[in-house]
There are 2 protein chains.
Amino acid sequence: MKLNTKLLQQASKSVDKYALYVPKNGVFPRGFQVGSTASGVKKNGNLDLGIIRNTNTSRPAAAAAVFTTNKFKAAPVVVSKQILEDKNGTGINAIVINSGCANSVTGEVGIEDAKKLISHVDSKLGTSMSTLPMSTGVIGQRLHVNKISKGIDEIFDNNKFGSDFQSWLDMAKSICTTDTFPKLVTSRFSLPNGEKYTLTGIAKGAGMICPNMATLLGFIVTDLPIKSSALKSILTHATNRSFNCISVDGDMSTNDTICMIANGAVETKEIDETSQEYVQVQNQVTEFAQQLAQLVVRDGEGSTKFVTVKVQNSLTFEDAKIIAESISNSLLVKTALYGQDANWGRILCAIGYAKLDNLKSLNVDKINVSFIATDGSEPKELKLVVNGVPQLEIDEARASEILNLNDLEISVDLGTGTEEAQFWTCDISHEYVTINGDYRT
Amino acid sequence: MKLNTKLLQQASKSVDKYALYVPKNGVFPRGFQVGSTASGVKKNGNLDLGIIRNTNTSRPAAAAAVFTTNKFKAAPVVVSKQILEDKNGTGINAIVINSGCANSVTGEVGIEDAKKLISHVDSKLGTSMSTLPMSTGVIGQRLHVNKISKGIDEIFDNNKFGSDFQSWLDMAKSICTTDTFPKLVTSRFSLPNGEKYTLTGIAKGAGMICPNMATLLGFIVTDLPIKSSALKSILTHATNRSFNCISVDGDMSTNDTICMIANGAVETKEIDETSQEYVQVQNQVTEFAQQLAQLVVRDGEGSTKFVTVKVQNSLTFEDAKIIAESISNSLLVKTALYGQDANWGRILCAIGYAKLDNLKSLNVDKINVSFIATDGSEPKELKLVVNGVPQLEIDEARASEILNLNDLEISVDLGTGTEEAQFWTCDISHEYVTINGDYRT
């Protein structure tokens, strides 16, 4: 398992991520349209402006969002948060997203710029206060309001809206910055009463590459009717188990936003916290959000591995998550993965310094740590630590096989309870250092 | 400021750290002797066992220590902690330190092994429970008790103890693992009453290289008489501003220990928390510990820069420290430093996601961020953010000059109070990834 040229070449072997991770068709919810264009903010002429629009009128749409906790909040985050609060999560009919400029660290004028854009969209829709703004791109620069306004005109006046696969794929492309592929996931589910509903999600983010521009954005729309308070709790639950469980470099942008709209186009009773479908929908949205979030981890040019960190049998979910996060963010674990080194010491160390809520979640004599192969090969599990005792005579050949996989899992069994949490992470490579050492200029 | 071959060559230009950072003489406190030997645990025959011994008998020595907070505590940490508690910090007359094996994740037998060694030293000293054990090296392996016991015999029976410069330098060498130079600092101070006292410190640690072996150890001895409770508070204060303020990769070992002994060989009144000299001594020990801790940051083969992060005018010390730590540990800031990129966005971002105790410590409209040149060149300060506003037209030529320095400072002025904290960090380079991707095997 020495790091040598052959191994490094293997590790950096080119993968056609577009072919692997971009779908060729999809299913889309009723009552949503999307339109996108190249407004000129991106100098290369790529799509850089998109609008998601609710066209269902059978009942008011519900909307919810989870925003960055960074104290430097970008203008669109401040504005979107305020609108959602003012409207109590109902009656949001559009999201306008521009890429190329994050409208962050732009002060009061940034707020005004964001408001100009949403007023423009609202006037096109014939509504007011029904649009949320979002931006991603370089920070510290003002929005090109004129260019983006012309882009909005272009989308509405030339009716660039559609609800087919290509429209959604273009929408996904329009929010990309340094992403190497657009992120689009769609799924259809059945309710117990036989009605079907659809989830469509787009995301952007590729933290390994250019994290200043690496705002994490995720938008999920559904045609289910969901009460706004229930939507908020479903989205929070899902985000806590998906977008908040990915580690690229541990840094958090000023613009990070996950937003969901439920327009109620499906003819079924509105789902609230007491509905029998509530838990089912929550779980389906959570798994869906995990698929979307995992694509962000996949999209790291500097990374060679996709690693699931699963912490099981914890006293509390929160502590399982804290431990999974500590392992996932450990620079030493990430470099060991890159070097394909079965280094249990670094994993234990990262577990040991995790800042637990409840010290009883971790009993150093009960812990089990394994690598898990994900390619179906046997033995699937390679035990590194058993009941707190490191296995000094591990099967190095098998370790080498597992660590050579592009996808693998680190499994931690705490043996102190029944809760579990997962994180998704990637390795840190030479290319990561090269890319991140040479970004701004 | 593009990352190019020339720049990378410059950055990795070889520095003779031994010549720069290892002193050629020193001053040493009365009543301490040190002895070291090569016990054979290190296969290359280097020094790997050292004993610090108090020979002053005018009054009992006081001892205090700050230990790792990692939940996986190595056996010597568990044993030393217990002895210090049992003896209430008085009557500790020796520290025995072995390198090459950390005696960590070794369970009950590890505890027994550590106790065997200290019993051996105690019997040589004719005392009991007066010795603290400490270990550093690979984890998950049992101590070679026989080899180390023979080494202890060798040191005592051949009277290898001394109190001169060479003895102390050898002592510093004997605790090294992957360090590229031994870390020894000495200073003499005057008390208001004219009496002089001496601080001598040794440390080991080079986190950038092989962090599994990168236990951080620091030992400071003084001939001042200090009450054990006061010594504990002085050492805690000093460690919170020195060894706890260095960032190499954010990981924390199972063995980290900073220990101090005050033997009272200087004929002056014992210092306690109410003494007029208390604050003076606390400040002197703190500055001394900072010098020692900085040597650990200097000793990173994978690093090309030594960076002081100073956070000033904070509402609370704790929040100043949390912000300094967040910047110092940010992978994106560290890679930007390596790439010599004046990237204010990453610094602001790291400030923004710091988990503050009191949100009022940070006012996004009052913050100032600058790079500070440390080579005496002018203008000394390059302002990146002024009262929350990024300076988009910075002097790139000057930025390039400052970022090309081996030593530089990131200055953050929060403008919300009067407290300050400093951290010392280094950059993350390609070499770091190479070294850490290829360690265990």
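Each residue, glycine too, has its Cβ placed from N, Cα and C.
Annotated features, as they stand in Swiss-Prot:
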type	residues	note
ACT_SITE	A:T215	active site, nucleophile
BINDING	A:T177, A:K204, A:T215, A:E301, A:N436, A:T441	substrate binding site
Recorded positions (A:T177, A:T215), the one with most neighbouring Cβ atoms at 10 Å: A:T215
C-beta crowding around A:K204 (substrate binding site), within 10 angstroms: 27
Spatial separation of the residue listed as 'active site, nucleophile' from A:K204 (substrate binding site) - C-alpha basis, Å: 7
Alpha-carbon distance [A:T177 (substrate binding site); the residue listed as 'active site, nucleophile'] in Å: 9
Assigned element (helix, strand, coil) containing the residue listed as 'active site, nucleophile', judged by DSSP: coil
